[in-house]
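Here is what TrEMBL records for this protein:
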type: DOMAIN; residues: 28-447; note: domain 'Major facilitator superfamily (MFS) profile'
type: REGION; residues: 1-22; note: region 'Disordered'
type: TRANSMEM; residues: 31-51; note: transmembrane segment
type: TRANSMEM; residues: 63-86; note: transmembrane segment
type: TRANSMEM; residues: 93-111; note: transmembrane segment
type: TRANSMEM; residues: 151-173; note: transmembrane segment
type: TRANSMEM; residues: 179-201; note: transmembrane segment
type: TRANSMEM; residues: 268-287; note: transmembrane segment
type: TRANSMEM; residues: 307-329; note: transmembrane segment
type: TRANSMEM; residues: 336-361; note: transmembrane segment
type: TRANSMEM; residues: 427-447; note: transmembrane segment
Amino acid sequence: MGATELLPAPRPGPAAPSAPRGAGPSRFVRCLYLVGFLDFFGVSMVVPLLSLHIKSLGASPTVAGVVGSSYGLLQLFSSTFVGCWSDVVGRQYSLLACILFSALGYLLLGMSTSVCLFAIARIPVGIFKHTLSISKALLSDLVSEKERPLVLGHFNAASSVGFILGPVVGGYFTELESGFYLTSFICSFIFILNAGLVWMLPWSEEHTDSNENKQTTSNSKVTAKANYDLQVQSLSNGAMKYDTPLQSLWIPVVSVLKRIKSIACSDLWDIFLVRLLMSVAVMLYYSNFVLAIEERFGVKPKLTGYLISYSSTLGALAGFLLGPITRLYQHNTYALLLHSTVFTCVLIMLYSTAFSIWTVILSSTFLAFSTTVGRTCITDLELTLGGNQASGTLLGVGQSVTSVGRIIAPLLSGIAQEFSPCGPPSLGVGLALVAILIMLMNTPRYCSGRNAKLKSE
């Protein structure tokens with residue numbers, strides 16, 4: 001089965017709303033940027049404080065590790081299902097559900113006075129914290145394929161700004177009495193505020209724009225958003241033929257399972273494998289960064305923290321450069337991904353063999369750009385090859401693959417550190433080289449498929 005044949009061809013529907021050249025993102029898209037910012041801002045207020053709080057509750061390091069791993073395991077199994085669910089029921093209601101259940105999780109976290117309550121509070125967040133994936137799927141529904149890397153880059157940049165500011169605000173509130181509980185309640189309120197923003201998004205306006213664009217653009221692509229309306233209507237009509245509510249509820253479940261099976265049987269395995277290898281490689285780079293810098297160059301953790309913040313800021317700025325870069329590559333996402341992967345591999349190698357802190361600063365500077373470009377490109381490539389009608393499922397599978405990396409990376413890092421402080425990044429170089437080899441072996445197939453797709457459009 002080809003990558004572009006994941007699902008049957010959709011029925012004709014409204015065309016994708018796209019702004020005229022030079023008009024900039026629509027109000028709907030700008031609101032989604034704000035959704036991403038608030039999501040990361042709220043989460044980054046709390047996440048750095050979790051280990052300190054569970055320790056204050058009397059948990060041993062082993063128990064704390066098990067509770068922390070449970071979040072990754074829940075994300076691993078829920079990402080694909082929630083993404084596919086958003087394909088079936090539509091982005092609006094799935095996005096609202098994910099935000100509200102995440103708000104519930106952080107509200108429970110603010111009331112956690114024992115390890116048991118702490119673990120329970122992480123369950124709804126682990127299952128439903130997929131706001132960013134669904135937002136990206138929605139963005140891919142609303143913009144053209146050429147605009148998608150730029151829009152996704154801006155969305156990632158807005159989210160990164162929230163990640164930069166959140167720990168500062170969270171650290172300030174932590175200094176107050178019962179600071180962690182106050183921070184958790186504020187995070188929950190931010191998610192509720194985000195839900196209100198999603199509810200007030202001009203969904204009807206976007207639907208109207210789609211209908212108008214259909215009349216004026218004869219060869220436009222069919223959006224997944226319009227396809228959802230048709231799917232939901234079809235499901236509703238089909239449900240009327242059954243006598244019991246159980247049979248009616250079974251229809252969306254079957255649809256979700258069919259979509260997941262389509263992804264599993266596709267030929268996108270190498271793209272997901274590249275995502276896994278590069279995710280683990282970058283995680284290995286950061287896994288013992290603070291400890292390794294102190295041991296190798298005598299740099300104190302405080303200064304290393306400044307270096308990490310500096311890199312995060314550059315990563316956010318890199319999102320705004322994706323437009324000129326993709327135009328330079330003539331929108332050849334695969335070539336851009338290959339070159340950014342090679343660049344990332346070289347920079348990690350430079351860091352692992354560095355003889356001075358200035359070499360580390362140099363590698364961190366450019367690595368912030370290369371990883372941002374690579375992360376956006378591989379997401380865009382998954383959507384291009386898999387088809388927009390399965391965008392939620394594809395992004396969900398991608399998040400599951402990244403979750404696997406989060407589980408594997410700490411284990412590999414611990415083993416590599418037994419040999420040398422440079423062991424984890426050196427292992428990351430090896431994994432990046434394997435990813436580059438896989439991409440080189442598949443370059444003719446994907447480049448020819450992309451050219452054929454662009455000609456058909």
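FYI, residue positions are counted from 1 along the chain as it appears here.
In case you wondered, yes, glycine gets a Cβ from its N, Cα and C as well.
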Problem - Beyond the flanks of the transmembrane segment (93-111) by at least 6 residues, Cβ under 8 Å - result: 39, 42, 46, 82, 85-86, 117-118, 120-131, 134-135, 138, 181-185, 187-189, 191-192, 194-195, 198-199, 392
Handout entry: Within the predicted model, mean pLDDT of the domain 'Major facilitator superfamily (MFS) profile' (28-447)
Key = 79
Handout entry: Long-range Cβ neighbours of the transmembrane segment (336-361) (under 8 Å; 6 or more residues past either end)
Key = 274, 278, 281-282, 285, 293, 296-297, 299, 307, 325-326, 329, 367, 370-371, 373-374, 377-378, 381, 422, 425-426, 428-429, 432-433, 435-436, 439-440, 443
Handout entry: Close approaches to the transmembrane segment (307-329) from elsewhere in its chain (Cβ under 8 angstroms; 6 or more beyond its ends)
Key = 146, 149-150, 152-158, 160-161, 163-164, 289, 293, 335-336, 360-361, 364-365, 367-369, 371-373, 376
